[in-house]
Amino acid sequence: MSDGNETMADTKSRSRYRSGSGSDSGSGSDELIFFVNGKKVVERNVDPEMTLLTYLRRKLGLTGTKLGCAEGGCGACTVMLSRYQTHTQQLHHYAVNACLAPLCSLHLVAVTTVEGIGSVVRKLHPVQERIAKAHGSQCGFCTPGFIMSMYALLRNNPTPQMCDVEEAFQGNLCRCTGYRPILEGYKTFTVEGGCCGGRGPENSCCVTDGTRAGDTSEEHADEATSLFNAADFAPFDPTQEVIFPPELMSLTKGQRSRSLCFHGDRVVWLQPDSLDELLTLKWKHPDARLVVGNTEVGIEVKFKNMVYPVILAPAFIPELNTVTHTEHGIVFGAACTLSHVGAVLRQAVETLPPHQTKVFLAVLEQLRWFAGQQIRNVAAVGGNIMTASPISDLNPVFMASGCKLTLMDKDGSRVVPMDDRFFPGYRRTALRPQEILISIEIPYSKKTQFVSAFKQSPRREDDISIVTAVMSVTFSPGTNAVEELRLSYGGMAATTLLAKKTADRLLGRCWGEELLQEACSSLAEEMTLDPSAPGGMVTYRRTLTLSLFYKFYLTVLQKLRQQGVNVDEVRPDCLSATEIYHPETPSSVQIYQAVPEGQSQDDVVGRPMMHLSALKQVTGEAVYCDDVPLYENELYLSLITSSKAHARIISIDTSAAEGMPGVVCCVFADDVPGSNATGPIEHDETVLAVHKVTCVGHIIGAVVADTQLHAQRAAKAVMIEYEELQPVVTIQEAIAAQSFYQPIRSIQRGDLEAGFKQAHHILEGEMHIGGQEHFYLETNVTLAVPRGEDGEMELFVSTQSPSKTQFLVSKALGVPANRVVVRVKRMGGGFGGKESRATVLSTVVAVAANKLKRPVRCMLDRDEDMLITGGRHPFYGKYKVGFLNSGKIVALDVTFYSNAGNSKDFSLSIMERALFHMENSYSVANIRGTGFMCRTNLPSNTAFRGFGGPQGMMIAESCITDVAQSLGRPAEEVRRLNLYVEGESTPYNQILDQLTLDCCWDECLSRSGYQQRRSAIDLFNRHNRWTKRGLAIVPTKFGISFTAAFLNQAAALVHIYTDGSVLLTHGGTEMGQGLHTKMVQVASRVLDIPCSKIHISETSTNTVPNTSPTAASASSDLNGAAVQKACEILVKRLEPYKATNPKGSWEDWVKAAYFDRVSLSSNGFYKTPDLGYNFDSNSGRAFNYFSYGVACSEVEVDCLTGAHKNLSTTIVMDVGHSLNPAIDIGQVEGAFMQGLGLFTLEELHYSPQGFLLTRGPGSYKIPAFGDIPTQLTVSLLRDAPNDKAIFSSKAVGEPPLFLASSVFYAIKDAVSAAREESGISGPFRLDSPASAERIRNACIDQFTRMCPAAERGTFRPWSVQV
């Protein structure tokens, strides 16, 4: 149908749409009226495809609301909407994702953004102040989203419980903090409250008196545990909130019901005001999509390139929003939001007899884990059904409980049962094109009916399911004979399924052991999956269908007994399989050494000072790269990338793209004026591909247009013809093809042969460690501004390497580096991902800006960023270990293979660091490590927090675990026996001095109560068959320095102005790690002035040149020493004026020096002494010093599903004398949670053709609030000064990450206990991450044996282990 036909079907209808609005813009569109932060906005030409987020950022300049993913999965764009509901005469406040909210849907709505509730100048709202002062904002990019989620909660419920706070945050992600400080700050709003205010036992504090965690170490007078003082917070007064705009109230009350129409270039948005009108429109436009929350259509338009010319918005039609209680159940209008459905069902559960509400409880159980609060607030129950997703959480409940649906078109209505005929195929329903779903009736349950709902997903909160199952059984009264049985599954076919064959077989049967056996064998037959099925995990999914039925079987058995029916008793050791998961609110303790008595109050070194940008970050005033206001003639760039992993480019057709609206030009390799060769170390990459592509996501060109939307649409219209070549995707394929980069590195010490001869036992093992996506909340972004003369260009970039960006841009432009200025204010996270890969975008944007002589901007979408920029190197390790009966390791031979991708990038340095950490913290006399970098057709992998170290140490720990299991000894005993001692030497011949490993180990054992925990776990495991607990204690030793010696240098520039204010510039960049804050603390101590007098504006290449990247955890050491030197020079210059005027002020001395013509500007330079390791001779110092730490973790594993709970973690970290305990503990916790993701959760899936399948928060899961250990203790080791770094401190960014492996090995410990139940013992392979799938498959039992895996090579898998 043509646009004209669809939207202008008859003039009557059209004139009706246009009447009723105050003015007509001539476009056939109505006026849209809404309010933003109390100000009225009247928009006369609304594009139905514009989101609220784009409007806020680009039209209103409100950049506090951030774009993190564009799919409603990260919460960075959260705002609060408020409506006056005329039917209830109440205000309704709710949090939404602005990235999905269509602007058209906001008629007569009040929008509140982070800027609207407080500002640094005006006044901070308590919600803003508390997250800042509790140290809950590091990079700050996610912070506005958290604030608005919390703010919306408090507007509805001024005294929430902690569980309400946790629920409000289910749709918010943070990559920096590890979440703990966010919860801690916001706990102060809850009824559980924050600090007891010294009302603990004997007037002690609840934080320190042990009532919050078992601390068995002896007390130290200078041990501090509070990072903030809740008494400093401004009180929260809910009566002082911003009022709902009175004008909007009267507009809403006074509006006559009327239709609205909004016309865009490609789409018409029709908002009818009655059901009749909606049915008429649907009859005219049978292909029109109905949109309520836009949570599905928004995704389809954005990521699947769908275009829906007509959108019908039925959200305000009364019949679609009503809730009716009937004699059979509750009828919900199809436009009721999931939040509303949940509220009504909760009310029903509280008021109705329990036997009637079992179906309601099943719906509520699924809603508990359904997306995030922001999605549930707008997504409609009807939309969820009509989406017909095969992995829907709710459709299996509706199907199993026999819900009835009312369908209607203009000729009448019909009622259909929601059964196996309702979904005839993938994403299809039984509705006719003109029909609309009007309502769903959720039935009451019967007395003898039992219903259970299950959802298994990679992460509990806000995750799509792997398998959902809802089971309903009804018995003949007073018996255990099955009268009716419905088993509904999602995730087992292209539609939601009913296991009818199995259910039919079991009718009339008695609920007992025989029925269980029959059900399992029948389900194993009926619930088959093609081994190549989309989503993969085929064996796991099939096993789940049986495991979940078994859980249901036990649950029903228990309930029948409670009703007095004579059935078998559930064995006590099986009871845990029937428990429904309820999260506990995490509790935490942070311990650090207070500053020495007598330290001046003005000396802030060693104190928990707040991040310097925190207040700006919490108000949305902190400026990130994409927040820089638009330039007058600015253009937007969108990349054209390869869809093939390995291919020759035959032709590129840009004709369609160039004819599209707003397009200015296309950019290809011919437009690069300088060199097209690029790369951080070796120039083995291209700025833009020529003739050949070597990975999916390889940048071929770009489209430049007037807006982001136009550029992105045009880029998708560029047609490229390829001749495909055979790709190498996995490490195993690379080994088979001998596809390696040179050189092959090796480190050897001692005599391996003699070591193996000496050994009582020799074991061989292997392990694969998956890659990891950086998932910084702010994706890569560059704004390039040509300066119009001498080839000058200024770039605003989100990068950790301003100097490398400057060099590679100048190389591409063919100008000297002195013409290019790179400026970095702050980054919304980096983690190594913006060290080298940021230049992939910057060079292209600079080339486009140079070609057009106009400013050009590009911020990658999340899916583009994940596709293009690479991540942590996947590693495959093989080891052969020789050891004595005692567990002492005497020989170790390790081989590493890393998946480097299509260019070398930093892969050699990463492999070298893996080799430097191959023994972790253990002394091995005879050792050899060899490293191969695999050349594959994946986007080049790159630096990531830990830089190869975690992969090297992980193989060592796998080896230690195997040794312990083969000897039947406790793993902690084998670890302790092999730990380094002071004065021993590493495989690369560096002697360990100031070793604190043993102190960390002993304190961790004591603080965690290790022995008591071990005994309790053994007892628990003996009494529970299907739930097992595990415990592990793991050390780390991390070398501090860049392994490339020349990078260990830094410079600083300090200006003192005549008013006494100080401008500090250094070579490091701020990405949330608090580097600028620490540098100000250093300058404050050396200059002996308050921090308030010192300012850092940005990092730029025209102030401090030739900087090393902010990486390797060494930035505080290097830049701190440079700042110290620069300040010392200035102090020396001011000394004479202090001497002559000892009672004068700082300002007096500065002015005196100025009038005496003394320079008040100084440079400081520092290089780390005595570094330089040589691989050929295995000599020289590789590292300046080592950071040490030990962590002990306890987990609980559900052996039937593979899900696990992190029960407790105790971390003891040696950070020397902390410069800032709040920042350092934040780094420890953030690194730990990132490591937790790496080792237990985050999984990148690639197709066999090298296409990344996980390209956003919907499919790639980073840790969320529910992943925090229920008890988390972090202790900074006391009395451990480090004489090799600034003010005796130590590096902290990367070292703690590996400590999360303690969770992995605790899981492995629990799995071992489960395997013992099946009579299997000894070492076994468990690859990382320990996902629910891997855990379940390793817990071998009768259910896994009924679902054998298909033989490798007999099918093409959906995804491959790269």
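Glycine residues also receive a Cβ, built from the backbone N, Cα and C atoms like all the rest.
Per TrEMBL, the features are:
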{"type": "ACT_SITE", "residues": "E1294", "note": "active site, proton acceptor"}
{"type": "BINDING", "residues": "C69, C74, C77, C99", "note": "[2Fe-2S] cluster 1 binding site"}
{"type": "BINDING", "residues": "C139, C142, C174, C176", "note": "[2Fe-2S] cluster 2 binding site"}
{"type": "BINDING", "residues": "L290, V291, V292, G293, N294, T295, E296, V297, F370, D393, L437, K455", "note": "FAD binding site"}
{"type": "BINDING", "residues": "Q800, F831, R945, A1112", "note": "Mo-molybdopterin binding site"}
{"type": "BINDING", "residues": "E835, R913, F947, T1043", "note": "substrate binding site"}
{"type": "COMPBIAS", "residues": "1-10", "note": "compositional bias 'Polar residues'"}
{"type": "COMPBIAS", "residues": "18-27", "note": "compositional bias 'Low complexity'"}
{"type": "DOMAIN", "residues": "30-117", "note": "domain '2Fe-2S ferredoxin-type'"}
{"type": "DOMAIN", "residues": "262-447", "note": "domain 'FAD-binding PCMH-type'"}
{"type": "REGION", "residues": "1-27", "note": "region 'Disordered'"}
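Cα separation, F831 (Mo-molybdopterin binding site) to the residue listed as 'active site, proton acceptor', rounded: 9 Å. Listed binding-site residues: F370, F831, F947; maximum Cβ neighbour count within 10 Å falls on F831. For the domain 'FAD-binding PCMH-type' (262-447), the model's average pLDDT works out to 97. Taking the C-alpha atom of L437 (FAD binding site) as reference, the shortest distance to any of the binding-site residues C74, C142, C176 belongs to C74. Sitting within 8 Å of the Cβ centre of C139, C142, C174, C176, and not among those site residues for [2Fe-2S] cluster 2, are the Cβ atoms of S137, Q138, G140, F141, T143, R175, T177, L777, G828, G829, G1072. For the substrate site, the Cβ centre of E835, R913, F947, T1043 serves as reference, and the other residues of the chain with Cβ at most 8 Å from it are G832, F906, S909, I910, E912, A943, G948, G949, F1042, A1111, A1112. Take the Cα of C139 ([2Fe-2S] cluster 2 binding site) and measure to each of the binding-site residues C77, R913, T1043: the nearest one is C77. Of the recorded residues, F370 (FAD binding site) and C74 ([2Fe-2S] cluster 1 binding site) place their C-alpha atoms 14 Å from one another. Put simply, N294 is the one of the recorded positions N294, R913, R945, F947, E1294 whose Cα lies nearest to the Cα of C77 ([2Fe-2S] cluster 1 binding site). Taking the Cα atom of each, R945 (Mo-molybdopterin binding site) and C69 ([2Fe-2S] cluster 1 binding site) are about 22 angstrom apart.
Largest Cα-to-Cα span within the Mo-molybdopterin-binding set Q800, F831, R945, A1112: 12 Å. Closest by Cα distance to C176 ([2Fe-2S] cluster 2 binding site), from the binding-site residues C99, L290, F947, T1043, is F947. Note on the binding-site residues N294, Q800, T1043: the fewest other CB atoms within 10 A surround the CB of T1043.
Excluding C69, C74, C77, C99 themselves, the residues of that chain whose CB lies within 8 A of the CB mean position for the [2Fe-2S] cluster 1 site are, in sequence, L53, K66, L67, G68, A70, E71, G72, G73, G75, A76, N97, A98, G145, R862, P1257. Of the recorded residues, Q800 (Mo-molybdopterin binding site) and V292 (FAD binding site) place their C-alpha atoms 41 Å from one another. Looking only at Cα atoms, A1112 (Mo-molybdopterin binding site) sits nearest to C142 among the binding-site residues C74, C142, V292.
Take the Cα of E1294 (active site, proton acceptor) and measure to each of the binding-site residues C74, C142, C174, E296, T1043: the nearest one is T1043. The shortest Cα-Cα distance from T1043 (substrate binding site) to any of the binding-site residues (C69, L290, V292, N294) is found for C69.
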